[in-house]
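Notes for the one structure printed next.
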Amino acid sequence: LAKYPEIKALMVPDPHLKWIVSGMVFVQLLACYLVKDLSWKWVFFWAYAFGGCINHSMTLAIHDISHNVAFGNKQAKWNRWFAVFANLPIGIPYSASFKKYHIDHHRYLGGDILDVDVPTDFEGWFFCTPLRKLLWLFLQPLFYSLRPLYVNPKAITQMEIFNALVQFSVDLIIYYLWGLKPIIYLIAGTLLCMGLHPISGHFIAEHYMFLKGYETYSYYGPLNWLTFNVGYHMEHHDFPSIPGCKLPMVKKIAAEYYDNLPHHRSWIRVLWAFVFDDTIGPYSRVKRLCKMAKEG
């Protein structure tokens with residue numbers, strides 16, 4: 001910032017985010033209507049090939065919204081409520097809990113107990129062969145959602161209760177209108193596409209140490225178009241208040257700081273390396289002791 005103060009001008013809300021997210025929500029509601037009479041095999045096919053891609057993209061929109069980039073820091077509550085709206089196609093309440101823990105991920109990156117993105121010792125010990133690592137990728141949504149409750153449980157907030165009430169109410173309305181298949185379409189899409197799926201490469205690409213000494217990596221491939229530029233992860237951790245749509249500008253302005261850092265070009269290649277490279281696995285994360293965790 002001292003060298004490039006113009007980066008501060010990028011720390012503004014994304015004026016398009018609320019409209020893009022709203023369009024994605026309504027596309028998924030339309031899809032719920034369209035799948036209600038399909039056979040089960042086609043429900044799961046479209047959940048993986050289409051709906052799950054939107055839902056995974058929506059979790060990354062919620063990630064951006066958790067940084068208040070939809071309406072700005074002065075409208076924090078608007079961002080929280082809008083995240084609950086963005087949560088609707090995902091099928092299960094997610095946004096409020098994500099916000100609660102994601103703050104710690106930025107504040108205590110890799111911090112033992114505090115950063116619940118870091119796999120547990122059991123995960124690192126057990127999922128150490130190609131077949132087991134493949135299973136771990138498939139079960140990633142399960143570990144991602146349950147690990148915080150085991151590693152660093154926190155009191156349930158009012159926003160989490162609101163998130164759950166709204167989500168389950170809408171699920172019931174969809175079930176009443178169109179039956180069970182649309183609900184399965186939404187939830188199955190979320191679980192399948194946050195597991196073994198090309199977009200899920202970002203979970204591994206972001207902070208798994210492919211090169212010793214580097215714990216955060218950016219990805220500059222085409223899937224950034226579907227994921228609100230979450231691939232620009234080094235830039236995001238440097239400037240979390242800048243919306244994803246403007247992170248490429250950070251890289252362009254301060255190119256000398258980013259161009260020579262190791263980065264990824266393919267999330268599929270990342271997943272392949274994770275499964276078949278014996279030097280990479282759930283243990284391939286930097287874990288550091290934080291004073292706050294030791295005091296707790």
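Any Cβ shown, glycine's included, is placed from N, Cα and C.
As recorded in TrEMBL, the features of this protein are as follows:
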TRANSMEM  16-35  transmembrane segment
DOMAIN    41-260  domain 'Fatty acid desaturase'
TRANSMEM  42-61  transmembrane segment
TRANSMEM  81-98  transmembrane segment
TRANSMEM  161-178  transmembrane segment
TRANSMEM  184-205  transmembrane segment
Between the transmembrane segment (42-61) and the stretches 16-35, 161-178, 184-205, the largest tally of CB pairs under 8 Å belongs to 184-205
Sequence-remote partners of the transmembrane segment (161-178) [C-beta within less than 8 Å, at least six residues beyond its ends]: 29, 32-33, 36, 84, 87-88, 90-97, 186
Over the domain 'Fatty acid desaturase' (41-260) the mean pLDDT stands at 96
